[in-house]
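In TrEMBL this protein carries:
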- 5-105: domain 'Oxidoreductase N-terminal' (DOMAIN)
- 153-284: domain 'Alcohol dehydrogenase-like C-terminal' (DOMAIN)
- 324-364: domain 'DUF8206' (DOMAIN)
């Protein structure tokens, strides 16, 4: 039996989030799996502000909603072998049983040396939110971008992505320490502690002519003042969240802002990141290399121990955490080689826990992931990228090769030389006429007829083989003649091997042209030919007759 622990939300959140809103529930689960089932253990659990208002509790226990990174510890599903890391919205629980694996998602990129926790942070939902939330603002180089909640998981990424697009970035956070991090480490142009300076004074210094794009994580008074006082004409606003209001029980009534939006011709747009699910691969292809190179920096506040889930969540609304919070639970590779672990079985000599389920660590820490790329690292990354590119080209070449082979099979031409048959028939008739005149040439006639029959038999085998090949090909897989040119051009345009392929094809064409010219110019009488078995036999027959 496996003991599963849940953090549940039996009565919802009332007003201010407190640890008492969440209750710990335990249940036993059998380890006898049915076919297709997968038993997983939580490695990292996400803790994000949106959980305050989005996502209903899960299942009969009302387990707290949230995304998780889990490891397969027992399986009867071939798609998910032991040790596989996956993502799913299983909520705050220590273990999870998937009935068929359809609710599990593989991490859609190579982690390399990155911690799996990034799949819930910078390369997870927060990172995707920053990427698409900034994209809908259509930022342009030279514009001014403002982001509040700028030290959070989403805001810190928005600012960096905007900087890479050539914008002037202004961030607002709740402490001097966070502001120093934004300007010193993330290279924001300006960072202001909103507790110490008004927006009016901040923008007098940083954006006296107004703000072009505003990414709003906070809502409330900040949003209202931005829209009514500090946006430039044709400014764009992206509404991501409203953490300042998540704990409020009453709805706020702000003065009308319709005229401010109208007079400044503003565009204000809310968005849900899941609406962009079909484009996630595009975001990952852009962001993963930046993270691995250290060009997109991030922080994670990591709480170790499943018991600390409520404290981690409450801390979000008190401004205690920097960037995203990821709850590390039972899995820590560093424990595997700990001297307190019995080397053969991996059980702790102090508390008898296995290293995979060790629970005695209760400290918390903050990690800064800053990647410095050495020459060696650059070389390895470049080699790895080139290998990947070559494998992709290999796959394309193989696909084109299969299509070309199908085309050749369907459209193959028999190597029949009717002139050669007529030539043999001419010799046979000549010999038959000589025989009628009394010549003793029966053996010569027999040899010529045998040669003719062998040639016809060989052509028959060719024809039968080609017919069988054509019949074995599915018509839906056939390739049209005009597609051949497109396939060839695709080969030539491959960035790594295309040029070499074209050079080889051009070389073959030149060789064929020269060979053809020589045959046309220097071909000799059949009696001198020596290029095939048929011609050798014909030469021997003619020589005998002579």
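The backbone N, Cα and C atoms fix where each Cβ goes, and this holds for glycine too.
Across the domain 'Alcohol dehydrogenase-like C-terminal' (153-284), the model assigns an average pLDDT of 88. For the domain 'Alcohol dehydrogenase-like C-terminal' (153-284), the number of residues in each DSSP class (helix H, G, I; strand E, B; coil) is 61 helix, 29 strand, 42 coil. Each residue in the domain 'Oxidoreductase N-terminal' (5-105) gets a DSSP state, and the totals come to 7 helix, 41 strand, 53 coil.
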